[in-house]
Amino acid sequence: MSRKKGVVDDGEENEEGILEIPPAESLPISTTVSTAPATDLKAIKRCIPAFAVAFSGGFLVSVLDPFQTQLIIAFDLCDCSTNISEILVDNSCYTCRSGETLVAVINLLLFVGAILGCQLTRIFSEYGRVVLLKLIAGFIIPGSLLSALAPTGLTGGWVQIAVGRFVAGIGMGCVCVGCPMYIGEMSPNSIRGKLQTISWVMQSSGSWFAVTLGLANWWRFVVFLPVVISLIALIMLSDVSETPYILLKRGSREAAIAACEDIHVEEDVEKEFEAVVHSVEISRNKKKPLELMRKNREYVHTLLVGACLGFLQNLSGARSLLTSSSRIIVQAGFSARSANFLTFALLGVNVLATVAATFIMDSWGRRKVLIISFTGQALTAIIGAVPFYVSPDADNAVTTVVSLFAFLATYAFGVGPIPCMYLGEIFPLDFKGFGMSMGASANWTGISITTFIVLSSSNTVIFSMFAIVSVFAAIFTAVFVRETKGKSVMGSPYFTEAKEMGGG
C-alpha cells in the first residue's frame with residue numbers, strides 16, 4: 001500500500017484514500033516515564049525561549065510611551081521650548097494636541113499591524129509553532145530599525161516611524177498567538193496556567209523595562225533595542241523542539257511520543273498522545289474554518305466566546321490606560337516629569353500583580369480569576385470617576401492616580417494574562433489557528449478603539465466608560481465562559497467530542 005511523504009508511520013489509507021492513524025493504545029508508549037510529577041523548573045526551562053519572545057513583544061508595545069516630548073521636539077510638531085527640562089516641568093509641549101494626535105496615530109498603526117499579524121498566524125502556525133516564534137523576529141527587527149533610523153523632520157521622519165511601527169506590529173500580533181500556542185502545547189496540564197501567566201509577566205516586564213530606559217531620554221537607542229532582544233530570542237530558539245502535534249503531523253511519531261513523555265506525567269502520557277493523534281487525524285480532513293462552523297455550531301459558539309473575551313479585555317481600558325497613563329496623570333494636574341516616574345511605578349505594580357497571579361491561576365481557575373479581576377476593575381474605575389461627578393472643580397489628582405494604580409493591579413491579576421491563554425485552550429487543533437487569530441484580532445481592535453477614546457476624553461469619561469465595560473465583562477464571563485484549568489489543551493470544554501476524549 002502506498003505511503004504519503006511526510007505522514008505518520010504506521011498509518012494506512014482507507015477505501016476512500018484518507019490516511020488513518022492507529023489509536024494511541026496500539027502505538028509503543030515507553031514505560032520508563034518518571035512517575036514523579038513534572039517539575040515546574042523543567043517545564044519553565046522548556047518555555048524560556050517563548051518567554052524571551054514575549055519580553056520582546058512587551059518592550060516593543062511600550063517603547064515609544066515615554067518619548068512623546070522628545071519626539072515632538074525632534075520632529076518640530078509644536079511651537080514650544082526645545083529644552084527637555086523646561087517641558088517636563090511646565091507641560092508646555094506635553095499636552096500639545098497635534099503632538100498627542102500624531103503619537104496616537106503611530107500607536108494605532110502598531111495595533112493595525114498587530115491585527116494583520118494575528119491573521120497571518122493562521123498560515124504560519126501550520127508550518128510549526130517554533131517556526132512562528134522565529135518569524136516574529138523577522139518583523140520586529142526591520143520595523144524597529146526603520147523607526148530608530150528615522151530622519152529628523154516633520155514629514156519624512158514620521159512616515160518612516162509609522163511604517164516601522166506597522167511592520168513591527170505584525171510581529172507583535174504573532175506574539176499574542178504564537179507564545180500562548182507554543183506554551184500551551186508544551187506544558188503539563190497541572191501547571192499550564194502558571195506557565196502562561198509567566199509569559200505575561202515577561203511581556204509586562206518588557207514594557208516596564210522600556211519605560212525605565214525611557215527615563216534617560218535616549219529615544220533612538222531604546223527604539224533600537226528590540227532588534228537586540230529579538231536576535232537573542234532567535235539564538236535561544238535555534239535548539240528548541242517542536243510541539244508533539246507538529247512532530248506527529250510531520251510524520252515523526254517516535255519524536256512526538258518522546259515529547260509527550262517529556263511534558264506529561266506517566267498517567268497522562270497515553271491520554272495526551274491519543275488526543276494528539278486524534279487532532280492530527282482531524283487536521284488532515286482539510287476542512288476550512290467556515291465549513292466547520294457551518295456543520296457544527298459548537299465552533300461558532302466557541303469562536304464568539306473567545307472573540308468577545310478578547311475584545312472586552314482591551315475595551316475595558318487597561319492597555320489604553322497603560323499607553324496613555326502619562327497623559328492622564330498630566331491631565332490630573334501633575335508635571336510631565338512626575339508623570340514619567342509615576343508611569344514607571346505603575347508598570348512595576350502591573351508586573352508584581354501578574355507575578356502574584358502565577359500562584360493562583362491553576363488552583364482558582366481561569367473563570368473565577370477573570371470574574372474577580374473584571375469586578376475589581378469596575379470598582380476601582382468607579383472610585384476614579386465618582387469624585388469628578390461630586391466635586392468637578394476640586395483637585396482630584398491623588399484620587400485619579402490611586403484609582404489608576406488600583407485599576408491596573410486588578411487588571412494584571414487576571415484580565416491581563418488570561419484571554420490570550422484561554423484562546424489557546426478552547427479551540428480544537430483543526431480550528432486553533434483560525435480561532436486564536438480571530439480572538440487576538442478582536443483584542444487589538446478593542447485597544448484601537450479605546451486609544452482614541454482616551455485621547456479625546458476627560459478623565460471623568462474615561463473612568464466611567466471603563467467601569468461600565470468592566471461590569472458587562474464580569475457578567476459575560478459569569479454567564480458564558482467555561483473553566484479550562486487542568487484540562488487537556490488538545491480538548492475543549494465547549495465541544496462534546498472533546499469531553500468524550502477527556503478534554504472537557
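Residue numbering: from 1, along the chain as shown.
Just so you know, glycine gets a Cβ as well, placed from its N, Cα and C.
Taken from TrEMBL, the feature domain 'Major facilitator superfamily (MFS) profile' covers 54-485. For 102-124, 131-150, 162-183, 221-240, 341-360, 369-390, 402-422, 434-455, 461-481, the entry in TrEMBL reads transmembrane segment.
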Recorded stretch, among 131-150, 162-183, 221-240, 341-360, 369-390, maximising Cβ pairs under 8 Å relative to the transmembrane segment (402-422): 369-390
Close approaches to the transmembrane segment (221-240) from elsewhere in its chain (Cβ under 8 angstroms; 6 or more beyond its ends): 48-49, 52-53, 55-56, 59-60, 63-64, 67, 130, 133-134, 136-137, 140-141, 144-145, 147-148, 168, 171, 206, 210, 213-214
Contact ranking winner - 102-124, 131-150, 341-360, 369-390, 461-481 against the transmembrane segment (434-455), Cβ under 8 Å: 102-124
Segment-level pLDDT (mean, integer) for the domain 'Major facilitator superfamily (MFS) profile' (54-485): 85
